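Asker: If you scroll down you'll find the structure; I have some questions about it.
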Amino acid sequence: MRDPPLPPYLDRGDGHNRCCQRRFWCIADVCGVLCVLITWLLIGYAEYVVMMILLSWPHSVMRGIHLVLYNTLTVLAFSSHARTMLTDPGAVPRGNATKEHMQWITSQEGGVVYKCPKCWSIKPERAHHCSVCQRCIRKMDHHCPWVNNCVGENNQKFFVLFTFYIASISVHALILAVNQFVSCFHTEWKECSIHTPPATVILLLFLIFEGALFGIFTLVMLCSQVQAIWTDETVSGRGIEALKGEEVRWRRQQRWKSMRAVFGRTWHHWFSPFTRPVLSGGGGGLRHVYPV
């Protein structure tokens, strides 16, 4: 007697969008790779200005505190960005919408089974097709070029942490840069940094512009993400569903359960990009049919 086909979320034979012997998720998108390099360049620029100009004053307790705090936040921001970029966002295997597969899922779970006409996969609830990833993504929020990946069920935590830590270092660098400007007005500009006064002014002005721009942008994104998780929705999913005229068929989780489903059960894991919550099929978006 032949065994029944594996459920879609257990089928790991598809190596599409994977690299390093399928260990990491990676998207071969030129625009996305360029945005990632720009992101790393901006983080590196802020690190250089903060270390070489803003924290170049004599050794003291406050300098040590700022040094440890800023570098810790920078490492966490970079780690969150890498985890968001290299984590499978919840892609549904391509080409699994075979007749046998669909009949087996219908008999096991009951309901209506939908398939995506673009990647020919069985389309779970709250899954949408991404034209860049060329896959259906479970609980897809949006495709972000700055992380060169979709934000979905498996990596939403890392994306939220990325926006949180980028906003934190932006505000921190902005405060230090403004304080440096005020201090340099009352002292000799030559004593403010190892660079010439014109170079110091240009570096500080660009850092202030970068900190203000990305601080505001990431804070807005962070608030919208947290609100969407709190209400068990997706930011762009609401627009996609409204555009397609789809009705809400899933049962929303309680607000606290929705937060724990994304960030983890224990609070000390919430702010760590090195841990991920254990996904379960109970309301976490892993069902594969639309119930009748």
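Our numbering is plain: 1 for the first residue shown, then up by one each step along the chain.
The backbone N, Cα and C atoms fix where each Cβ goes, and this holds for glycine too.
Relevant sequence annotations retrieved from TrEMBL are reproduced here:
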| type | residues | note |
| --- | --- | --- |
| DOMAIN | 115-234 | domain 'Palmitoyltransferase DHHC' |
| TRANSMEM | 24-48 | transmembrane segment |
| TRANSMEM | 60-78 | transmembrane segment |
| TRANSMEM | 158-181 | transmembrane segment |
| TRANSMEM | 201-222 | transmembrane segment |
Asker: Check the transmembrane segment (201-222) against the transmembrane segment (60-78) for contact, please; criterion is three or more CB pairs under 8 Å, pairs 6 or more apart in sequence.
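Answerer: Contact criterion not met.
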Asker: Tally the residues of the domain 'Palmitoyltransferase DHHC' (115-234) by DSSP class, grouping H, G and I as helix, E and B as strand, and everything else as coil.
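Answerer: Looking at the domain 'Palmitoyltransferase DHHC' (115-234) with DSSP, the answer is 68 helix, 15 strand, 37 coil.
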